[in-house]
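This report concerns only the one structure given below.
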Amino acid sequence: MDSDDSSSSYEIGRAGKRARCEEEEEEEEEEEGDDDGELATDRLSHLPKPLIYQILSLLDTKSAVQTCVLSRMWRCAWKYVPFLSFRRDSFEQYSSFQMYVEEVLSLRFPESVCTVSYIDNERLAERRESLFVKVVRYALSHGAQHLDMDLNNKSGVFKSCCFSNLFGTVSNCDLRTLKLQRVKIEIGFDVSGFRMLTDLNLEQCPLVSEVEGEVDPFSGFPCLKNLVLTECIHSDFVFREDKRSFKISGPQLLTLELDCLMAMRMEICAPKLESFKVGHDLQFLNFANLSIPSLVHAHLRLCDGEPSREDNKKQILQRLISMFQGFNNATSLKLDYQTVQVLSNIDFEFLERQPSPFTKLKSLIVEALSIPHALLDYLLKGSSSMKPNVEYGYGQCRAMNNNSSDLGEGIKRNREEEDDITSTDRLSHLQRFVINSILSFLDPRSAVQTSVLSRAWRCAWKYVPVLNFRRDSFDKYSSFLHYADRVLSLRFRLDVDTVSYIDDDRTILPFSNVVKYDLSHEAQHLVIDLLNGESMFYSFRFCYLFGTDLNCNLKTLKLRRVSLDTKCDFSGFRMLTDLTLEQSFLISVEDEDVDPFSGFPCLKNLVLTQCLHSDFGNLSSKRSFKISGSQLVNLKLDRLLPTRIEICAPELKFFTLVHDLEFLNFSNLSIPSLVHADIRVSDEEKSMAIKKELKMQRLISFFQGLNSLTSLKLDNYSIQVLSNIDTEFLEQQTSPFTKLESLMVGAVTVRSALLHYFLKGSSSMTPKVEYGYV
């Protein structure tokens, strides 16, 4: 009875509060009706309420709430809006964001919602998960039809929250559109409650099969019509298990888009599928079966990120032909620019012997100004249509003939006569090396554009020792490709100092040319940033970028999204002192010990950020990932994920570690010269596989390897993790920090037992302790 009384009183309170808001709105309307001047100025308030709610739906929830200060009529308007949008980046502190979300959900009138959007970039999974679970449960309980959860946590695909934790056991929901990013999907989870879902979009989601049997994750959505999978990876692909296929089936599926879906084998069974879009690397393209009899339109975006060896080319070609055979009912085929390039490398004699599967083809669209005759004949010869329509250059390459590049325009314009500038243009009379230094601060595109200033500047850009190529400064990829080739060909044959290359495309050709130019012109600094929007599994091999016979003068090398074979020969990098790898895949094929950086004889600074070793997740592996360097002075490991780590660096003085306690496993630390360590450890996932005691033992063992340091820095997250250690266990441990002179902690207070553990072994009388340095 008490619970019934309390719930009924709660409802009465809500109803009374709502009635008061309506009365205030009516009073406000009456007052405004008597005032002709205000009626003439405030027309927005006199719009029909449904229209006002629709206008507020175009704002994010924070802006909609702020309209409550306009007048009494607007005080409660935001509470009726059927659209909720929560963005973590609009708040400086996470606690403020959490309080804001909870207040909105509690104060909003219990009307149904239509759309809920949630974007969160917080790293700590424990405190994040409870909040966005509340948002999801609120959306489901209030009849939401559209839900967008963007968990942009920047902690890699392995730090994903589980689908089951978010949605629980959903018995019956009204969702029609669901978009998830960085959410772990457990294949086999009961999704029968999503009976009305028609649109599903998964981005950067690991698809985990924890049980044996068929993998068919989307068959449980009976009304699914549109499916998009972007940068998703199946667990079988991580462990290279090739025993079963990843099946995509849907009796009502109409549209399917697969963009870099990483699975060992794929099957598609969709009898009503009409539109199919594939973005994939030839190396991982493997469709075991395509049962799509109603297919109308197919769009292919293929690339060959790693040039195939001769023994693999035949197998890849057979898989490609097999996929084309599955498209036999398509009436429209669209090939992008990179796909045309890839298909142009096929053995045409083999292609001529193959029957064309496109028997119903009526329209062929290619993003190229030309296509090899043998390839065109293969695509068209099987069509029953008398003359299929062929459209060339529908997209990026169309600009190649219509628009000249910035470089060509600059060279044409600089031939015009300029005015007499000797009395006003002092910049042109600077010495050549000063002008080169000024132009070095510009990207080459802007530097080239200075050629129109005068004849004195016509060739100045050709001497600049710094080259900075950015793909995002061009609307069309073909223009960027043409521009880069022209810059490299027209530039004077002088040595370069620094080359930077940032690209979001998925082909190896342009930046391999830049790398070759860089090495042949004695460059000392090279930055390759492949912002291709793909996961680290879709990366380009180091050996294909740099070749094997290498003897270069590089001193600084920074690479992103590159696959590094740990057995590569690095002896050609005899002068390299600084190496940075970010979001790269470290591959070890053989069973021997892994020591990839010992081949750099002069390496002094090493940074590994969000890199993944191929042994990660393989519990049966007995080898360690070793980092050794006789000259190594500075080392930073930011979420490096092997199974075990060893460090052997006798000259190492500075060590920075950013890691999750779940995967912290240092089997050996040989760093006798260590002076300063910066430790940032978090415990984002509570796994049942690793007990708390084992985690603490590994952490204590790691601290014992830091026994020679004099300065230690611990952030706030590390203090929180260490505060969970049992006090008795901590008091029994011998402090390894015998030389500690300075301790910096990112917290206002530290447990006395924990502080005593760090300081009790120090030979210094009074080690300096600094609190709250953040």
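Cβ atoms here come from the backbone N, Cα and C positions, even for glycine.
Positions annotated as compositional bias 'Polar residues' by TrEMBL: 1-10.
Taken from TrEMBL, the feature region 'Disordered' covers 1-40.
The compositional bias 'Acidic residues' annotation in TrEMBL covers 22-39.
The domain 'F-box' feature in TrEMBL is assigned to 47-87 (among others).
What TrEMBL records for 430-470 (among others) is domain 'F-box'. This prediction places the mean pLDDT of the domain 'F-box' (430-470) at 77.
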Quick check on the domain 'F-box' (430-470): DSSP residue counts for helix, strand, coil, in that order please. 24 helix, 5 strand, 12 coil
Summarise the domain 'F-box' (47-87) by DSSP state, stating how many residues are helix, strand and coil. 25 helix, 5 strand, 11 coil
